[in-house]
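S.K.: Feature list, courtesy of Swiss-Prot:
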BINDING   G10, Q11, V12, D30, D39, F40, A63, H64, T65, Y128, K132  NADH binding site
BINDING   Q11, V12, D39, F40, A63, H64, T65, Y102, Y128, K132  NADPH binding site
BINDING   T104, D105, W153  dTDP-beta-L-rhamnose binding site
ACT_SITE  Y128  active site, proton donor/acceptor
Amino acid sequence: MNILLFGKTGQVGWELQRSLAPVGNLIALDVHSKEFCGDFSNPKGVAETVRKLRPDVIVNAAAHTAVDKAESEPELAQLLNATSVEAIAKAANETGAWVVHYSTDYVFPGTGDIPWQETDATSPLNVYGKTKLAGEKALQDNCPKHLIFRTSWVYAGKGNNFAKTMLRLAKERQTLSVINDQYGAPTGAELLADCTAHAIRVALNKPEVAGLYHLVAGGTTTWHDYAALVFDEARKAGITLALTELNAVPTSAYPTPASRPGNSRLNTEKFQRNFDLILPQWELGVKRMLTEMFTTTTI
């Protein structure tokens, strides 16, 4: 089996390079790839890549994910998150390939306190959410052999993340204020990548599982409680923090160009049922990532 991965150097793409390697012959591309186009600002180019390589499975981890920046560059966000997805979907349909694509809880309005189901009405609050929803629809309309995974609060050990930012600030400051009225489940790129590899194998044998799924870690937290766990684990690991006071504040305390949903909870029952997997509680992945951070020596 031949697998084509777009967005290989992002948080999820990096982990997909690992998880997909045993599943098939993997060709991984990003915006800088030379031999084949992996640049999502070039829809014709990425579609041509699909037609040239004729993979069995395409995994798209490329996207415009700068939520606030998208507000000031909606055309670019639309190009990366929807137009190029449509181009790939059409090329995949011509060649008979499966397409795996990642979307977001930002397609919902973020109201209430009940986990969103795949069948719930969408109503994005910002440009990022609108363009990701357009990408979903483009794939659904043009390539029936698809898996769309909506996820949320994604983190990875590689690169910057919320935990690293909180730890840096906690070493510098005695007081921190963190938002406590946004709810979701921190979801590791590692978990997404492993679930994707499994789902691909299932889909190839059971094509009827094609469709839209919610995929996040188990449980729910707030950014404030997420930060509190990070600090607790750091202190257990013997890391000295200047922090003595952690305050809980509303979203309104930190105005941003793009509106954020208050309710990012996603119901994952459909995914767990169709792919026969159990999604672990969010704390498990975060603690594992923190342990690796605390024990890694910078050379």
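Quick reminder: no glycine exception, Cβ is built from N, Cα and C everywhere.
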S.K.: Non-local Cβ contacts of Q11 (NADPH binding site) (under 8 Å, 6 or more apart, same chain)?
M.R.: V154, Y155, A156, K158, G159, N161, A189
S.K.: For a quick check of packing: other C-beta atoms within 10 Å of the C-beta of A63 (NADH binding site), how many?
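M.R.: Excluding its own Cβ, the number within 10 Å is 25.
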S.K.: Give the distance between the Cα atoms of D39 (NADH binding site) and Y128 (NADPH binding site), rounded to the nearest whole Å.
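M.R.: Cα-Cα, rounded: 18 Å.
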S.K.: Max Cα-Cα distance in Å among Q11, V12, D39, F40, A63, H64, T65, Y102, Y128, K132, the residues listed as binding NADPH?
M.R.: 18
S.K.: Using Cα coordinates, what distance in whole Å links Y128 (NADPH binding site) and T65 (NADH binding site)?
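M.R.: Y128 (NADPH binding site) and T65 (NADH binding site) have their Cα atoms 7 Å apart.
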S.K.: Please determine which of the binding-site residues listed here (T65, T104) has the lowest count of neighbouring CB atoms within 10 Å.
M.R.: T65
S.K.: What is the biggest Cα to Cα gap, in Å, among T104, D105, W153, the residues listed as binding dTDP-beta-L-rhamnose?
M.R.: 9
S.K.: Counting every protein chain present, what is the number of Cβ atoms, excluding its own, within 10 Å of the Cβ of Y128 (NADPH binding site)?
M.R.: 25
S.K.: Among the binding-site residues listed here, D39, D105, which has the most company in the form of other Cβ atoms within 10 Å of its Cβ?
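M.R.: When each Cβ's neighbours within 10 Å are tallied, D105 tops the list.
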